[in-house]
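Contents: one structure, followed by commentary.
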Amino acid sequence: MHEVSLVRSLLNQVERLCEAHGGTAVTDVEVEIGPLSGVEPLLAREAFALLVADFGWPAAELTIEEVPLMAICQSCGAEVTVESFRFECPGCGSRSLKVTRGDQFRLLNVTLETATPMEPAS
Ligand SMILES: [Zn+2]
């Protein structure tokens, strides 16, 4: 299951962010998963649960945003939502579509716990 190595490198990225911002723990990790990313959300969730304790943030939660597959028609310029991997422009019937969204597994947001507030109230 290649999700384990993908999630591990994601968590490495989170760890660097955490250190850079003086975080003591990570509470929430938000990721984007597109239909063409090759990542199965369910398996990513399992991998996260498996790995997160190793990083020392057992309470961290994973939030997955499943984004639709979007493309631009190269012939008429229409923005197309690709359903069921059907690469055809509903407007002009062209099959030359360029994927603009939905082909990535990437980090969107990280919520950190810090020992001291990052932005003191006073
Ligand atoms: Zn078109």
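One is the number of the first residue shown, and numbering goes on along the chain from there.
Glycine is no exception: its Cβ is also placed from the backbone N, Cα and C atoms.
TrEMBL entries are annotated by machine, without manual review.
Taken straight from TrEMBL:
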- His2: Ni(2+) binding site (BINDING)
- Cys73, Cys76, Cys89, Cys92: Zn(2+) binding site (BINDING)
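Structure coloured by features recorded in TrEMBL.
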| residue | record | contacts (Cβ under 8 Å, 6+ apart) |
| --- | --- | --- |
| His2 | Ni(2+) binding site | Gly38 |
| Cys73 | Zn(2+) binding site | Glu79, Val80, Cys89, Gly91, Cys92, Ser94, Ser96, Leu97 |
| Cys76 | Zn(2+) binding site | Cys89, Gly91, Cys92, Ser94 |
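Ranking the binding-site residues Cys89, Cys92 by how many Cβ atoms sit within 10 Å of each one's Cβ puts Cys89 at the top.
Neighbours of the Zn(2+) site: apart from Cys73, Cys76, Cys89, Cys92, residues of the same chain with C-beta atoms within 8 angstroms of the site's C-beta centroid are Gln74, Ser75, Gly77, Ala78, Val80, Pro90, Gly91, Gly93, Ser94. Taken in sequence order, the binding-site residues His2, Cys73, Cys76, Cys89, Cys92 that lie near ligand 1, meaning a CB under 6 Å from one of its atoms, are Cys73, Cys76, Cys89, Cys92. Under DSSP, the residue listed as 'Ni(2+) binding site' is assigned to coil, being neither helix nor strand in the three-state scheme. The DSSP secondary structure for Cys76 (Zn(2+) binding site) is coil.
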